[in-house]
Amino acid sequence: MAPVRRILLKLSGEALMGPDSFGYHAGTMAGFVGQIRDVVALGVQVGIVVGGGNLFRGATGALAGMNRATADSMGMLATVMNALALKDALQQAGVAARVQTAVHIAHVGEGFERDAAVRELEAGRVVIFGGGTGNPFFTTDTAAALRAAEIDADLLLKATKVDGVYTADPNKDPDARRYDTLSFDEAIAKQLGVLDTAAFALCREQKLSLVVFNVFKPGALKRVVMGEDEGTRVSNH
């Protein structure tokens, strides 16, 4: 089966720290970069939205008494730091990459511009979108759905630590069962919590298929883009 043309990969900040409790884990980063390099080699155009939870979470700051808008702005800056770290790791591995930020930050990355992003993707460069949506109160999951729709991605891929969507937390419930496929309506109605409601709704409205998979499994990203049985696919059916 031929790979998809263009994907948007949502990579959490927590994933970047691997087994550590903060920052970046070199071995984990190298593993992600290797998987991304493999799909780029297939001719797949790759956009990435990265979270910031390994450095700062806006919701956590708000719980500590910060103004939520201020805390979310700090969280958005954390995602830009992660975008730069990921770009550097990709470039050191020989993968051309660019950073676009939701708000313009001079000398750090280009401000997001849809046509420019598509040109970079078509030229074979990985485009990493930092800064979330550029607005407080929106998660990076929503940013991923938004950017996926804007760049006309064929698939939105949510990279997680589990190999799909389950009926319950598989770490707590031994009877939890993995879904092979789901509709967005089912996922929202059952409050499965894989994405926030705004992100789910945007995917549903834009008819954007989502695959939830375990990015820590070697080769999982390549199997997803090749259409193999990996993770859980969520769509409008």
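Each residue's number is its place along the chain shown, starting with 1.
Cβ atoms here come from the backbone N, Cα and C positions, even for glycine.
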One of Gly52, Gly94, Gly164 listed by Swiss-Prot as binding UMP at the site of Asp72, Thr133, Gly134, Asn135, Pro136, Phe137, Phe138, Thr139, Thr140: Gly52
Inter-residue C-alpha distance, Lys10 (ATP binding site) and Phe137 (UMP binding site) (nearest angstrom): 18
Fewest other Cβ within 10 angstroms of its own Cβ, chosen from the binding-site residues Ser12, Asn135, Thr160: Asn135
Sparsest Cβ surroundings (other CB atoms within 10 Å) among the binding-site residues Thr133, Thr139: Thr139
Sparsest Cβ surroundings (other CB atoms within 10 Å) among the binding-site residues Lys10, Gly52, Gly53, Phe137, Asp169: Asp169
